[in-house]
Amino acid sequence: MKIIRNGWLVNPATATDEVCDILINGEGRIQEVGKNLQHEGADIIDASGRHVFPGLIDLHVHFRDPGQEWKEDVHTGSDAAAKGGFTTVCCMANTTPVNDSKTVTEYIVNKARAYGKCNVLPFGTITGGMKGETISAMAEMIEAGAIGFSDDGRNVNNSEVMRIALEYASMFGAIMASHSEDPHVGHGGVVHEGRYSSQTGLKGIPDITESLIVARDIELARYTGAPVHFCHVSAGRSIALIRQAKAQGIPVTAEVTPHHLFLNDSAITTFDTNFKMNPPLRSEEDRQACVEGLLDGTLDIIATDHAPHAITDKEKDFDHAAFGVIGLETALPIVLRLYQQQKLSLSALIERLTWKPAQILRRDHEIGDLSAGKWADLVIVDLERSTTISTEYFASKSKNSPFIGQTVKGLPVATYFRGNCVYSV
């Protein structure tokens, strides 16, 4: 038994926002939440002066396992998640081989379960081999533990295939995550098409690359009645379409990354490849639209799109460097700036990292909520603790962060998964 003592609990699921205690039983579940809790022989964890949040939930990570373990693996990805305060992550299917089978799904689930630091829920592919041609073995992957389906990294170009996939996935109650990118528009681009692509001579990717597919998938959701989740939304045009769709009652949800909330395409003028990701950093107007979309609920959640790459993948000229940045360890302190700047209440911000992702996953009966009977997945945070991000900061195998050199405030000091401490300073 453990008691988290005198922490300021922020639990959006129950609108709790006060100092209290949390009693954790021997099975790793919360037994009671209240004031001055007592239990003979319980270990006392003093959280005085610190905040306690539900374990963070990330719907979008790449753990590169199997097949690309020099970049990341399930173990180091779980370590990075724990350091960042995340207790549930959903890993994308663009591994080697791609996760389009029961075998690969079981491999990921079993490896994560044996390590025991984080709840790793794999996405299966929408299409076999991520080729966009035929529907993958969805039923088998769901049975093996897949949380949903995505060809993230590639768009499903065939609209009929996407329509059928939506109908199939909805039968299983599985999340369908759309990587919205028309590959024929801005083909070969490496940065946002605009002022800074012209200034640097780097080939641009226009915002309609994203919004064209967002518009298509909204129409498919309208037609089928099946929900669509939009990955890493970056463009103001896309956000306007999603806002309109929600107003019409179309079942769509959307995520935004910390880097699209806090960085814009002016960063590429340094030619630092840690600012190269897909979708690219967009204009300041797009960045502001992302913030506004998160504030008004058009963008439901924050997800990192944690995409580790080896140094050799990034230390190339900008055109040939790999797309992607890591984000698990920096996400919380970066997005806490919205609270520090008084744009969002602390509870509203944490809701977008915990309770809302749990609802999208349809796992809100067990995660994202620190109520009696739920798993004791939680993070203790010191809102005054600060650090300057350097390559030494990361537990991830890869160091490709766009926030290196920035000073951040508000850091996890302990993370508990199923009642066990999996990270502490």
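Positions of Cβ are set from backbone N, Cα and C atoms, glycine also.
Here TrEMBL flags ASP305 as active site. Secondary structure at ASP305 (active site), as computed by DSSP, is coil. Around the Cβ of ASP305 (active site), the number of neighbouring Cβ atoms within 10 Å comes to 26.
Look at TrEMBL and you will find HIS60, HIS62, ASP152, ASP305 tagged as Zn(2+) 1 binding site.
Annotation for HIS62 (Zn(2+) 1 binding site): same-chain Cβ neighbours under 8 Å, separated by at least 6 residues, are GLU72, CYS91, MET92, ASN94, ASP305, HIS306, ALA307, PRO308, GLY324. Among the features that TrEMBL reports, substrate binding site is placed at HIS62, PHE63, ARG64, ASN94, ASN278, HIS309, PHE323, GLY324.
Just so you know, the Cβ of HIS232 (Zn(2+) 2 binding site) picks up 24 other Cβ atoms within 10 Å once every protein chain is counted. Summarising the annotation, TrEMBL assigns Zn(2+) 2 binding site to ASP152, HIS179, HIS232.
Look at TrEMBL and you will find 49-235 tagged as domain 'Dihydroorotase catalytic'.
Per TrEMBL, domain 'Amidohydrolase 3' is recorded for 340-423.
Using ASP152 (Zn(2+) 1 binding site) as the reference Cα, a 10 A cut-off selects HIS179 from the binding-site residues PHE63, ARG64, HIS179, HIS309, PHE323. Applying an 8 A CB threshold to same-chain residues 6+ apart, the list for ARG64 (substrate binding site) reads LYS71, GLU72, ASP73, GLY77, THR95, PRO308. For the recorded Zn(2+) 2 site, residues ASP152, HIS179, HIS232 set the reference point as the centre of their Cβ atoms, and the other residues of that chain within 8 Å of it by Cβ are HIS60, MET92, SER150, GLY153, ALA177, SER178, SER180, GLU181, CYS231, ASP305.
Of the listed binding-site residues, namely ASN94, ASN278, the sparsest Cβ surroundings within 10 Å are found at ASN278.
Cβ packing within 10 Å was compared across the binding-site residues PHE63, PHE323, and the lowest neighbour count falls to PHE323.
Looking only at the binding-site residues HIS60, PHE63, HIS309, PHE323, the one with its C-alpha closest to HIS232 (Zn(2+) 2 binding site) is HIS60.
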